[in-house]
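First up is the structure itself, then whatever we jot down about it.
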């Protein structure tokens, strides 16, 4: 626009000069004789003009343009423009290039967003792998060869993704480089774990598989004259040599009152006349871990699993988790005392309430880690039992066989095992089995007392548990299972017996 303005100003100046010169010349011709020489003509130039050269033209410079009038009075103007005109075509190309670059930037930016999301996803997977590897480091027995293969496969997938990101990503790759280093470290760690295998778990398992194969071959080729392995004892029978092992726990259900009710007991009612009866009872204590106020009955295990078809009852006099059911009766330690109460499961009425002679109560000699269980009631194939301690026994376990109808004591045995050092106990075929805590995940059946022979001794049967504390253990003679109340969860264990009956001494 500035060049156009300059051109117009120059043109106006030239036209103005020419018109004034013409008027002046005409006026001079009217008043005087026209000059015959260039010198005379020069006298009539406009004010501010320069002298005209003889026989030629005189230029009048103004800014960056010049104007002149020749000898005939004709105005001539010249305007000095830049060497090149305004580059409109180059500006248009620049705008087009900028548009193309903007589109490319948008595409690359969208890729960056996708990469960021992918990095976030794989970062979470990497954290998950880290946790799994840490678990494998802490508990080497829990992992398998398949675990290694799955982890290595996932790490390889992440390595491929990182390489793809580095190939396609333009700009700073600092985050991707860090992720690649972490994945490389994870790969080395998994390979190190697999190669070290500190407990030789994988090699041992391979050897076990090989041994099992050989064992099957031996069994297939052995003579038919070899007598078969004797079957397990019949339900409710004592034709065996005692407990020699125990299965892994089966989690049946959380107690019906919820996770906060960590203390209590549960089991299956046993009746020698009707051993197949499937009446299950659950008796969680109140949150004070002392008072037994409510219990629930289920007619089958299926109903217990889905909390269906149950009967709820309320009592106000139970104490501790030493409860047991026998012959359609519930036996409990009476609240704040040394009595035992017999409650009819059909009517919820107390039929008998009788003191257990000399029994300590109210946490005098309770189990380790469990309060208010000074008196623990138990059932086996033979009778109803009371497991407790007295001042006369100096806290050692006392076993009494009870009349399940009158609650009178029939026989009593005093052991050498201190009751507060025991975490819990149960009876099988007249033999007391006591447990102790090894750690937060393991109990041990470490002690037994046989009332049939009055012999006692040590055992080493490990017993896994789901939670830290075991509150009660009840044995059922017909299904030969332990019913364990473990921090609010209802667990089942199968007992394994020695096939050869124990010889009396």
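Positions of Cβ are set from backbone N, Cα and C atoms, glycine also.
The signal peptide feature in Swiss-Prot is assigned to 1-18. According to Swiss-Prot, the feature N-linked glycosylation site maps to 64, 128, an assignment based on sequence analysis. Annotation source Swiss-Prot lists coiled coil at 174-225, citing sequence analysis. Here Swiss-Prot flags 237-499 as domain 'Olfactomedin-like', drawing on sequence analysis. The disulfide bond annotation in Swiss-Prot covers 238-429 and is backed by sequence analysis.
The two recorded residues, residue 238 (disulfide bond) and residue 128 (N-linked glycosylation site), show a Cα separation of 50 Å. Calculated from their C-alpha atoms, the gap between residue 128 (N-linked glycosylation site) and residue 429 (disulfide bond) amounts to 49 Å.
Secondary structure at residue 238 (disulfide bond), taken from DSSP and collapsed to helix, strand or coil, is coil.
Looking at 128, 238, 429, the recorded positions in this record, the fewest other C-beta atoms within 10 angstroms of the C-beta turn up around 128.
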